Amino acid sequence: MLKMRLLLTWVLLVLPLVNALKCANNRVLRKYHIDKHSAKKSVARDTPPSKTTEKWYVNPCEEHPADDIYDGCDKSDDICGIVMVDLPVFNKDPFVIKRIEATDMASFTATEESNALVLRYTGISWGQNMVAANIRYFCDKNSNEDEITSSIWANNDISIIIKGPSGCKKDSSELEDGDVEESSGLSWFTWLFIYAIFFTVVYLVVTSYTQTRGGSIDDFRHDFVERAKQFFTSLPAFVREVVSKVLGSAPNAAERGGYSAV
């Protein structure tokens, strides 16, 4: 059992970490003023014998400080929703019956519609459920702040509509030629490299665990280290062989391409 815990720990250590969303590096979001604003909404309604309060906070960009966040939310949250119930007859503090948070650990996409900027989060964990959230930003040039005009939480789908400056595109003079064209996160090549290393480590760990199942932790560690050394020592030769075969085939291909029927 202890060795299994060690295996799981090592696997988790190589999982890629995800930073907060930097909107200036997203080819869609960088064209909008979304990095300068957050939006919040608090609505209370009578639900006799109780009073229910629903709060929403939306701040997808790390560039904008989360100074105005609600209690109970985290500053790393892109979206935070809280539903509280107050029972005055019991003279108790309100208690939370619903709470959900979306961070950049969730899958994120940003798209442009004809008159709206759309942010979609999928894979948001809420207990044992997976929730999706759609946020639509509409431009209001007459407003200085974003306003949540609609929020619906039905089953496992959240829909939020925001009107304000965040939905307005920047002027061409505000856009820089050096803006990063790639979407937020790492490039596909970097992710490919990360996952190659990840699955290699998993393979080595599982193989060592299988070979030393009846042994001690020291046996497992020794076997893993030896296998890792052997793998990384032979890796350069393997890469050179692959490169030489690829480059070696190029002249032949060029030579074949040089002949033509007369």
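Each Cβ is built from the backbone N, Cα and C atoms, and glycine gets one as well.
Disulfide annotation in Swiss-Prot: Cys61 is bonded to Cys23, selected among Cys23, Cys73, Cys80.
Of the candidate disulfide-bonded residues, Cys73, Cys80, Cys168, the one lying closest to Cys23 (disulfide bond) when CA atoms are compared is Cys168. Rounded to a whole number, the C-alpha distance linking Cys80 (disulfide bond) with Cys139 (disulfide bond) is 22 angstrom.
Counting every protein chain shown, 23 other Cβ atoms lie within 10 Å of the Cβ of Cys23 (disulfide bond).
Comparing Cys61 (disulfide bond) with Cys139 (disulfide bond), their Cα atoms are 17 Å apart once rounded. Across the residues of the topological domain 'Lumenal' (21-185), the predicted structure has a mean pLDDT of 86.
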